[in-house]
Amino acid sequence: MQHDNKVIILDFGSQFTQLIARRIREAGVYSEIHPCNVDPQKIKDLNPGALILSGGPSSVLEDESPQLDPSLLELGVPVLGICYGMQLMTNDLGGRVVSSEDREYGRAEFKGDSSCTIFEGIEDIEKLTVWMSHGDRVEAIPEGFKVCGTTESIPFAAMANEEKKMYALQFHPEVAHTESGTTIINNFVFKVAGLKADWTMSSFVENCIEEMREKIGDNQVVLGLSGGIDSTVVAVLLHKAIGKRLHCIFVDNGLLRMHEREEVIGFLEEHFELNVKCVDSAELFLDKLKGVEDPEKKRKLIGYTFIDVFNEEASALKDVKFLAQGTLYPDVIESESFKGPSAVIKSHHNVGGLPEDMDLDLVEPLRELFKDEVRKVAYELGLPEFIIWRQPFPGPGLAIRVLGEITEERLEILRQADKIVQNEMHASGWYRKVWQGFAVLLPLKTVGVMGDDRTYEHVIALRIVDSIDAMTADWSRIPNDILARMSNRIINEVKGVNRVVLDISSKPPATIEWE
């Protein structure tokens, strides 16, 4: 039977599962993640070209540990087990797993067998640095398997049954700390499974537009446009699919950055002729936030108010049947995946869902994509770099960067300071080098001297961080002369500020945003 050109990853709770999917997609092959307790018939119906078993925090020796349906090892497709996945394969196929006294966490030196297909083309395979994260270990491999690699503390760090195209690794090839990890994954996908690199964003755009046309038919669609890359890409895709039957609603909550509304909406209306209605609700939001200092209350008030405003505007539209959202694949995974200890590190502070009584069907064009793939789609659609590479901006906007009470005066101080930070990062070439860089207005004043006069004015904090996925972050080592220019300009150009400080904390223990 001919199998489809895709890889299915079964998630056993590893924090690295999404990395596996991303590595495979980066190689040009479509991959999907499914929870380990998925109905095996669903996997059979998907007809994958290969199967990967992820790692996980559990022990196969525990009674309540997640298990693999044995029939999935009999599909006749190549299988790769990683960490916990290796131990599951060992257990299910007649080998033996034991609790290890010599646990391995972090880097280890791996000695691999160069004759094993998944290690082909790796020059240093006999002395490879790999990333381990396990307590149990394989003590006896199943019949028909051979040892393909060892470390100083474990004799079975990799195994293979090349006849049945079954492979297993005790280490994590998907993480950046493992040398040649991408080569190992690519060898499995291409040399073992024989899959083709046919997953491209150009083919996605073409297929997505056709699917949206078919699903929506002659109906109308409403979309909440935030100006971020996700909702912008959704808007352009849908506009190409259904034209003027897409109705975009942009809610100006008064908590946006300087000129944000004009820049984003102006571009989209001019170049893509989008049907955008701007709703000026700044006064309403600021009135709701008056006297509120608690960050969680700010978030909830902003979220509820946004829903009320959007609902009112959407309800006024006639014959709208669909609500479009910028849901991404990580959101889908989070809602469906096996809920192990890795499930939630921090709740998102983006504005929440819309009321169920809107009675609209959902359209989610990006639900198959990771964030980096959305950017590639944006390039395919001809969006400019100022939109594609816009740094993340929280749903509550500047409300969680103005610490303490929010007033129009304090918002304006922050807007001016933040604009200077953005200008200097762009001018120095650092904007694209960092994950996020922004200003924060602190809820205190300090004494200063300007000329011969004593001042007692506001403090601005600079928060500039490096990250890959926002789950962890470190402060960016931006050159001092750039920081000095930011500080000097803010103090001299922003009325009411006499001090600038730099936040040099990492996440964890701190978060990227201050509130």
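Note: Cβ is positioned from N, Cα and C throughout, glycine not excepted.
Swiss-Prot lists Cys83 with the feature active site, nucleophile, giving sequence analysis as the kind of evidence. The active site annotation in Swiss-Prot covers His172, Glu174. Look at Swiss-Prot and you will find Ser226, Gly227, Gly228, Ile229, Asp230, Ser231, Thr232 tagged as ATP binding site. Annotation comment: Swiss-Prot describes 6-198 as domain 'Glutamine amidotransferase type-1'. The domain 'GMPS ATP-PPase' annotation in Swiss-Prot covers 199-390 and is backed by sequence analysis.
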Legend entry - Any further residue of that chain within 8 Å (Cβ to the Cβ centroid of Ser226, Gly227, Gly228, Ile229, Asp230, Ser231, Thr232) of the recorded ATP site: Leu225, Val233, Val234, Val264, Gly326, Ile387, Arg390
Legend entry - Whole-number Å value for how far Glu174 (active site) lies from Gly228 (ATP binding site) (Cα to Cα): 29
Inset, instruction - Would you mind sorting out which of Cys83, His172, Glu174 (the active-site residues) have a C-alpha within 10 A of the one on Thr232 (ATP binding site)? - result: none
Legend entry - Which of Cys83, Ile229, all recorded positions, has a Cβ with the fewest other Cβ atoms inside 10 Å: Ile229
Inset, instruction - Using Asp230 (ATP binding site) as the reference point, find which of the active-site residues Cys83, His172, Glu174 has the shortest Cα-to-Cα distance to it. - result: Glu174
Inset, instruction - Tell me the Cβ neighbour count for Gly227 (ATP binding site), meaning other Cβ atoms within 10 Å of its Cβ, over all protein chains shown. - result: 20
Inset, instruction - For the domain 'GMPS ATP-PPase' (199-390), provide the mean pLDDT of the predicted model. - result: 86
Inset, instruction - Report the nearest neighbour of His172 (active site) in space among the binding-site residues Ser226, Gly227, Ser231, comparing Cα positions. - result: Ser231
